[in-house]
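One structure is given here, and the rest of the page talks about it.
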Amino acid sequence: MAVLPLLLCLLPLAPASSPPQPAISSPCPRRCRCQTQSMPLSVLCPGAGLLFVPPSLDRRAAELRLADNFIAAVRRRDLANMTGLLHLSLSRNTIRHVAAGAFADLRALRALHLDGNRLTSLGEGQLRGLVNLRHLILSNNQLAALAAGALDDCAETLEDLDLSYNNLEQLPWEALGRLGNVNTLGLDHNLLASVPAGAFSRLHKLARLDMTSNRLTTIPPDPLFSRLPLLARPRGSPASALVLAFGGNPLHCNCELVWLRRLAREDDLEACASPPALGGRYFWAVGEEEFVCEPPVVTHRSPPLAVPAGRPAALRCRAVGDPEPRVRWVSPQGRLLGNSSRARAFPNGTLELLVTEPEDGGTFTCIAANAAGEATAAVELTVGPPPPPQLANSTSCDPPRDGEPDALTPPSAASASAKVADTVAPTDRGVQVTEHGATAALVQWPDQRPVPGIRMYQIQYNSSADDILVYRMIPADSRSFLLTDLASGRTYDLCVLAVYEDSATGLTATRPVGCARFSTEPALRPCAAPHAPFLGGTMIIALGGVIVASVLVFIFVLLLRYKVHGGQPPGKAKATAPVSSVCSQTNGALGPVPSAPAPEPAAPRAHTVVQLDCEPWGPSHEPAGP
């Protein structure tokens, strides 16, 4: 009996033999399906009509599908502590905003689908924490800006990046160049106008590059393209081949795209948009010899300029060519000039010296270069002594204009500047412009017999008021051309080029025939129209006079007709019958009764009853009537 109490005391110390209880899981969100029977856990909520990310998500889930809903934003707390999530789909929602750090806890995430939303930009903190991300799908959004550091955390692991169907005009090309493991890069259907040289040189694992339907006019050659074989069709291509797609771009087919034409490609959709001679033609049907460039020609440069020291000066240089030449400036000391504290170089060929110094005087050289060659022009700058300080009683505070003489400019420099300003650049002996009026000019050039194989002549000209270059293609047997539709009172720079076939290379080349400058006559000033208030008052007076005259004529006609009909209206004069008054005599004597005048036979008798204050007659006294 003593053993029983001892056993009762030892019973609480015995180990529990029941199995361990599983961890309590979160309930499945409403309208969602949760697969919790087997690992990994999945939460599936596609097309559930959700307005936000459900707060009761199981944080142990490895897959979360929230596609085809109405979620407008992703907040920081929506996906917090989901460290085991591998796949996240937010496709086809209405997401406009992703909070910074919204994916910071998703360090195991491998695939993120944000396509079909309304994102307009992607900042540096919105993808922070995705250190294992491999697939990033951002297509069919409204992205217009992509921050340079937006992909920093996933740059080493990203394999698939899709930015297609957005509004991207620029990309952080330096950041894209760090995606060393990317296999597929989709940039199609955006607004990209240019690609820098070497943008893809470090993407050694790139297998597909799609830049279809952008605004690219040229594509610079890249070491990646020359190192790998390129095929347009992915089917049947070897594993190491690069699939390259550039269709739907307005390509400018000149010598800069010869490298692309030499590649062995099939069934692609590239077409030429320019120059006009090749516009609309299939890219691969254009012969390699037709991809030509035109060397630059300097069409306008500043005349010799004289300014006092300390004042600004602007040197201008304009050049034309295909492709558009790039203009650079070289100082009199032989240094290449660029943007600095004292100088600014603009893309249109203008060099602005903010503060001139005596050592700046000399000959500046303008160099216009493109893929076909280069052209140079010299501009003289004379820097005079600095002006004295303005006096207190000075009546003018405006500095003299560049190139105009003033009291501080040496006489020689002033006269030289005035002479250059008043004269026009000399005309090339080979090209003459005659019979130029207000809107037309006749251009003539000599025969180019020393140049064999001339196909045509090209005339390039523009006015001093704008930089738009106008081209005219002339047959090879012509020696003159009449330019029409010119603006009156403007100065034009014109060059004639001979397009011929180079016998050495077999390619089409151009050779300058000559340039000329001419001015159209000012248009005749038309006669001034009458002043508007004066014209209006005159019209009112004239109309009033006509109305008054009409009224007077009408009144005169009425008076005339009234007088003709004896003072009675014409209608009533014809309708009234003559009436005679007959009265009886009180003394019984009946006097003679005056008879009424006989009516006209043609006029009908009018039966008119007239009541008179007279004595009645008897039957025997009734007058005999007709």
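Backbone N, Cα and C define each Cβ position, glycine as well.
Since we're looking at a predicted model, the values are computed, not measured.
For C317-C366, the entry in Swiss-Prot reads disulfide bond, with the evidence type sequence analysis. C317 (disulfide bond): 25 other CB atoms within 10 A of its CB, across all protein chains.
Residues annotated as region 'Disordered' in Swiss-Prot: 382-425 (among others).
Marked as compositional bias 'Low complexity' by Swiss-Prot: 406-425.
Marked as transmembrane segment by Swiss-Prot: 540-560.
Positions annotated as topological domain 'Cytoplasmic' by Swiss-Prot: 561-626.
Taken from Swiss-Prot, the feature region 'Disordered' applies to 590-626 (among others).
Annotation note: C366 (disulfide bond) sits in a strand segment as assigned by DSSP. Mean per-residue pLDDT, taken over the topological domain 'Cytoplasmic' (561-626), amounts to 49.
For C366 (disulfide bond), the same-chain residues lying six or more positions away in sequence with a CB closer than 8 A to its CB are V298, R301, L315, C317, A319, V327, R328, W329, G349, T376, A377, A378, V379.
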